[in-house]
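Colleague: According to TrEMBL, the protein has these features:
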- His109, His113, Tyr130, Asp294: divalent metal cation binding site (BINDING)
- Tyr130, Val131, Ser132, Gly133, Gly134, Asp162, Gly177, Glu181, Asn266: substrate binding site (BINDING)
- 29-300: domain 'Gcp-like' (DOMAIN)
Amino acid sequence: MPVVIGFEGSANKIGVGIVRDGEVLSNPRRTYVTPPGQGFLPSDTACHHRACILDVLQEALQEAGLKPQDIDAVAFTKGPGMGAPLVTVAVVARTVAQLWGKPLLGVNHCVGHIEMGRLITGAQNPTVLYVSGGNTQVIAYSEHRYCIFGETIDIAVGNCLDRFARVLKISNDPSPGYNIEQMAKKGQKLVELPYTVKGMDVSFSGILSHIEEVAHRMLAAKECTPEDLCFSLQETLFAMLVEITERAMAHTGSREALIVGGVGCNERLQEMMGVMCKERGAKLFATDERFCIDNGAMIAQAGWEMFRSGQITALQDSWITQRYRTDEVEVTWRD
């Protein structure tokens, strides 16, 4: 029964998780939170990760009741993500692997989300909507690849929400997306916003530019409330995502949909996707914030799949990359 430890730190979360044959033994994490109106810079985020990572590692081992000799392999996020935080985590993972005498496993962050979602929900062969601060993709498995059917052509949906939160100075604690979701529940008026679907792809930069331009003017004129803007932005963005996911499901004939990534925690997105799936006679799978949001266990699970299929990352190949597409990974562990 292989035991794999996973290190994740591609953005503002630093997490270490341990997985043994489909069982999550531990999954602690820390979040770098900045003041309202500010994003997180790579250098500052890396500094946060360096300060936290050894404590989180110790916590993961203690929670799992394991010692270094019980670990069979060390997995880490190879990419995509922010350069400085990725380097921080990779250096620690390489050091730990050498100190403990364990093999390394460089994991694609996006594949980690998918494998965690499949493990937790039991979805067999779903069409995947992957939505986060750095990525927006509609994915389906075929011939040892996670093929991308559609994606954003500019910024990710989570990045759009985060940057809108800065316009309204919405708190980043616990996350701007969560706080927008809570405000949206109180919205009463739907403000018309640009809706940009281009075939199987989506664009979010135009809607962000528009709402950045009109938000303060509309609020000053009392044409709407901050809650109305949050509600309207969510409804428009999520409608675009549901549309391209449904189109991919029609193309593949899929009867399962799986939402992964940090934005996948959003209950309104889950509700809209659920309505679409019900109308298609399909089943929706989603997880909560324990596994939707970046975490170490998802890297450990993808690493576990790689390890049992014979994949190992040589030390000289354990570099990181900020650009690492989901469809670049050879999925050797699936038929």
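Each Cβ is built from the backbone N, Cα and C atoms, and glycine gets one as well.
Note: TrEMBL annotation is automatic and uncurated.
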Colleague: Quick check: of the binding-site residues listed here (Ser132, Gly134, Gly177), which one has the Cα closest to that of His113 (divalent metal cation binding site)?
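Modeller: Sorting the binding-site residues by distance from His113 (divalent metal cation binding site), the top entry is Ser132.
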Colleague: So for Tyr130 (divalent metal cation binding site), how many other CB atoms are inside 10 Å of its CB?
Modeller: 26
Colleague: Measuring Cα to Cα, how many angstrom lie between His109 (divalent metal cation binding site) and Gly134 (substrate binding site)?
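Modeller: Approximately 11 Å lies between the Cα of His109 (divalent metal cation binding site) and that of Gly134 (substrate binding site).
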Colleague: Nearest by CA distance to Asp294 (divalent metal cation binding site): which of the binding-site residues is it, out of Gly134, Gly177, Asn266?
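Modeller: Result for Asp294 (divalent metal cation binding site): the nearest of the binding-site residues is Gly134.
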Colleague: Far apart in sequence but close in space: which same-chain residues, 6 or more away, have a Cβ under 8 Å from Gly177 (substrate binding site)?
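Modeller: The answer is Gly133, Gly158, Leu161, Asp162, Ala165, Gly262, Val263, Cys265, Asn266.
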Colleague: Can you tell me the mean pLDDT for the domain 'Gcp-like' (29-300)?
Modeller: 97
Colleague: Within 10 Å of the Cβ of Asn266 (substrate binding site), how many other Cβ atoms can you find? Include all protein chains, please.
Modeller: 26
Colleague: Within 8 Å of the centroid of the Cβ atoms of His109, His113, Tyr130, Asp294, which other residues of that chain place their own Cβ, given that this set defines the recorded divalent metal cation site?
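Modeller: After dropping the recorded site residues, what remains is Ser10, Cys110, Gly112, Ile114, Ser132, Asn135, Val260, Gly261, Gly262, Met298.
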Colleague: Tell me the Cβ neighbour count for His113 (divalent metal cation binding site), meaning other Cβ atoms within 10 Å of its Cβ, over all protein chains shown.
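Modeller: I count 34 other Cβ atoms within 10 Å of it.
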